[in-house]
Ligand code: GUN
């Protein structure tokens, strides 16, 4: 029997802790403020952003959405970020990716005040993570949420062979750094990787962040593998699925995060956690 790693349950516990911390800050007259910048009308992004706003409000976090047209210029996006950097009600800024093609995302993330960079995408925060400097500083929310989920399920990482599929700046790269810092032996596979099979069949933990339905099946893994599925894909029938096909009959996958209900709720809960922490750090 494949065990399901319940992200909703861990997220619920984390959100309850966050709500308590927000209440404590509010007693001291401090209100965490999250600003989300959304450029354009990407459907998935609009859905995520709505969920983030709703969750923030339910936990007592002040929440603002800055929605800009799809044809915004670089200067307009930068101006929005600068305005939020200077707004004392805003303690955490998130610019939703992906950005339209005319926007230089690296420059936009680099324009966010590192102390308000709730995504941990600013080069200063990325550098701290890579150097494994002592905190506190913000770390990309999906990778951090995955680390919380692995810890909550007592998945050993020290000396473990961990394979990450995908090398994005949002998931693959920061996740590899966190895993390395936790003592794992980390291999990052990507579209140009040769002989993916050899790496997968030696992995204790596989984390897939590719975004391709049916990318992996049970036969790709060795027995007792823990699988974390970051994929959010629509299959042929329009159903939300991850990157990994599995069933009750799977023999190699020991435990896996379902989609939906695995990594997704952890990303949002970690964003809320980090929003509150950033208010606590800057007290
Ligand atoms: N797009 C997909 N995931 C994320 C994320 O964690 N942060 C931001 N800003 N954009 C995203």
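Please read every residue number as a count from 1 along the shown chain.
Including glycine, each Cβ sits where the backbone N, Cα and C put it.
A TrEMBL annotation is a machine prediction, not a hand-curated record.
Straight from TrEMBL, the features:
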DOMAIN    5-119  domain 'Tetrahydrofolate dehydrogenase/cyclohydrolase catalytic'
DOMAIN    140-280  domain 'Tetrahydrofolate dehydrogenase/cyclohydrolase NAD(P)-binding'
BINDING   166, 167, 168  NADP(+) binding site
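Same-chain residues with CB within 8 A of the center of the 166, 167, 168 CB atoms, the NADP(+) site residues themselves not counted, are 164, 165, 169, 170, 171, 172, 173, 188, 190, 209, 210. Counted with DSSP, the domain 'Tetrahydrofolate dehydrogenase/cyclohydrolase NAD(P)-binding' (140-280) comes out as 48 helix, 29 strand, 64 coil. There are 18 other Cβ atoms within 10 Å of the Cβ belonging to residue 167 (NADP(+) binding site).
Within the domain 'Tetrahydrofolate dehydrogenase/cyclohydrolase catalytic' (5-119), the DSSP-based counts of helix, strand and coil residues read 61 helix, 19 strand, 35 coil. Under 8 Å, Cβ to Cβ, and six or more positions away along its own chain, residue 166 (NADP(+) binding site) finds 172, 188, 189, 190, 208, 209, 210, 211, 230. Sequence-distant neighbours of residue 168 (NADP(+) binding site) (same chain, 6+ apart, CB under 8 A from its CB) are 209.
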